[in-house]
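So that you can see what the record holds, here are the features copied from TrEMBL:
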BINDING   CYS15, CYS51, CYS86  [4Fe-4S] cluster 1 binding site
BINDING   CYS158, CYS162, CYS165  [4Fe-4S] cluster 2 binding site
DOMAIN    6-122  domain 'MTTase N-terminal'
DOMAIN    144-372  domain 'Radical SAM core'
DOMAIN    375-436  domain 'TRAM'
Amino acid sequence: MTTAPKTFHVKSFGCQMNVYDGERMGELMAAEGLTPVADADAADLVVLNTCHIREKATEKVYSDIGRIRKHAAAGGRKPMIAVAGCVAQAEGAEIVARARVDVVVGPQAYHNLPDLVARAAAGAPALDTDMPPESKFGALPRRRRVGPSAFLTVQEGCDKFCTYCVVPYTRGAEVSRPMGAIVDEARALVDAGAREITLLGQNVNGWRDADQNGLEALIHALDRIEGLARIRYTTSHPNDMTDGLIRAHAEVEKLMPFLHLPVQAGSDRVLKAMNRSHTRDTYLRLLDRIRAVRPDIALSGDFIVGFPGETDAEFEETLSLIDEVGYAQAFSFKYSPRPGTPAATMQDTVPAAVMDERLQRLQAALNRDQAAFNAATLGRTCEVLIERKGKLPGQMLGKSPWLQSVHLMTDAAIGDIVEVEVVRADPNSLAGVERVRAAA
Ligand code: SAH
Ligand code: SF4
Ligand code: F3S
């Protein structure tokens, strides 16, 4: 029998929704009376909040478990280890067999974490990867203290079944949280210090309320919350980008001019093999419609190189799409075969060296466009939300409306929004000089 833990540490490995889940698990354990500690090696309970999206992410959890154990053993301790997140969902009991962890809890069941920890402390098996029809959110404690920029999950799961992707299996079917619960949580976040809220979902623009109103209805509702200055949302699927949501980008001043809209590839044959259910052209025409209402919008995307069967010519089509769009920033990955997905058994895999080369060329193009986007903001004045202290005395770091990192010298506090002139543009950040202080 292990003793009940008094301190805990949550480490999140995955996407923003995974980070949000990690925050909520932390709040839950704190509400149970456990004390959070910043150092995983000092905690009685270590929650590894895992990601299953690519092989590397998955393997990381196993190496981490080994490292944590070894470190603790050197100090004569034996921490309780809980595996949460998408690896927990995908591998379940296998993790217990392979790594002898104490608790396994899936992303739809983590409201049961305190119970599972108590069971494990009593020496009983503690595994829960259920996807209950009633949502976990109602069972979580109210949010009390957050930074100026907060995440809020409004939609979970995915029905799109892209052939390479594990998310429909690890997160389950698309479910939207009710409008009232979201608005309540948003108010609590603002009361707890948030000035910006990023609405999260695997397909956040697929959010619908009970009357089938889309995400724009939620954005309009949040727009009315006093004290909330900025609204963002991520990640969106091109097929759920409705006219109403596009219009919201022209109508709602708090909605920031930034859109993460993954396309993955530029070739129609590859898009079809990925089951993306949009074409290169429908994607590009969609961007035209968005830019027509919000010309200054910053676009971001996700790309996969080396999908099975991707030829040199098809890869060139991804590069030409990038040239056409001019992304402000983007994420790019080498294709990683995932167990149980249709693409994992596809023939004609792309050799590792070819993938490496393609990723390098792709990232060079994306870096070039990001630098160009940043350079285009030089000399402009924009609002910056101050998020944290910089390295130098008096220096603060914040974000522009286009999600660029900005550093400046100011006596403004964290959470203030200041008017800044961009005086230097680097590939990854901007330097600014404060103009007039906006009213808080
Ligand atoms: N729902 C979102 C994001 C899901 S995961 C969307 O559809 O865009 C985030 C990104 O990881 C994906 O956009 C994709 O670029 C990448 N990804 C997903 N599965 C992958 C795999 N098997 N190999 C490599 N990259 C992958
Ligand atoms: Fe994965 Fe595709 Fe769903 Fe995104 S839309 S989560 S890439 S299956
Ligand atoms: Fe990873 Fe799960 Fe997010 S697989 S990307 S943590 S939804």
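FYI, residue positions are counted from 1 along the chain as it appears here.
Placed from the backbone N, Cα and C atoms, the Cβ positions cover glycine too.
Quantities reported herein were computed from a predicted structural model and do not represent experimental measurements.
Ranking the binding-site residues CYS15, CYS51, CYS86, CYS162, CYS165 by C-beta neighbours within 10 Å puts CYS86 at the top. Listed binding-site residues: CYS51, CYS86, CYS165. Those with a CB atom under 6 Å from ligand 1: CYS165. Mapped onto DSSP helix, strand and coil, the domain 'MTTase N-terminal' (6-122) counts 65 helix, 22 strand, 30 coil.
Rounded to a whole value, the Cα-Cα separation of CYS158 ([4Fe-4S] cluster 2 binding site) and CYS15 ([4Fe-4S] cluster 1 binding site) is 14 Å.
Separating the Cα atoms of CYS51 ([4Fe-4S] cluster 1 binding site) and CYS165 ([4Fe-4S] cluster 2 binding site) is a whole-number distance of 12 Å. Taking a Cβ cut-off of under 6 Å from any atom of ligand 3, the binding-site residues CYS15, CYS51, CYS86, CYS165 reduce to CYS15, CYS51, CYS86. CYS162 ([4Fe-4S] cluster 2 binding site) is 17 Å away from CYS15 ([4Fe-4S] cluster 1 binding site) when you measure Cα to Cα. In the domain 'TRAM' (375-436), helix, strand and coil residues by DSSP number 2 helix, 35 strand, 25 coil.
Taking the mean position of the Cβ atoms of CYS158, CYS162, CYS165 as the [4Fe-4S] cluster 2 site, the remaining residues of that chain whose Cβ falls within 8 Å of it are LYS160, PHE161, TYR164, VAL166, VAL167, PRO168, GLN202. Surrounding the centroid of the Cβ atoms of CYS15, CYS51, CYS86, where the record places [4Fe-4S] cluster 1, the chain contributes additional residues within 8 Å, namely PHE13, GLY14, MET17, ASN18, THR50, HIS52, ILE53, ALA57, GLY85, VAL167, THR170. All protein chains shown were included, and the count of other CB atoms within 10 Å of the CB of CYS158 ([4Fe-4S] cluster 2 binding site) stands at 23. Residues CYS158, CYS162, CYS165, taken from the binding-site residues CYS51, CYS86, CYS158, CYS162, CYS165, are distinguished by a CB atom under 6 angstroms from ligand 2.
In the predicted model, the domain 'Radical SAM core' (144-372) shows an average pLDDT of 97. For the pair CYS165 ([4Fe-4S] cluster 2 binding site) and CYS86 ([4Fe-4S] cluster 1 binding site), the Cα-Cα distance reads 12 Å.
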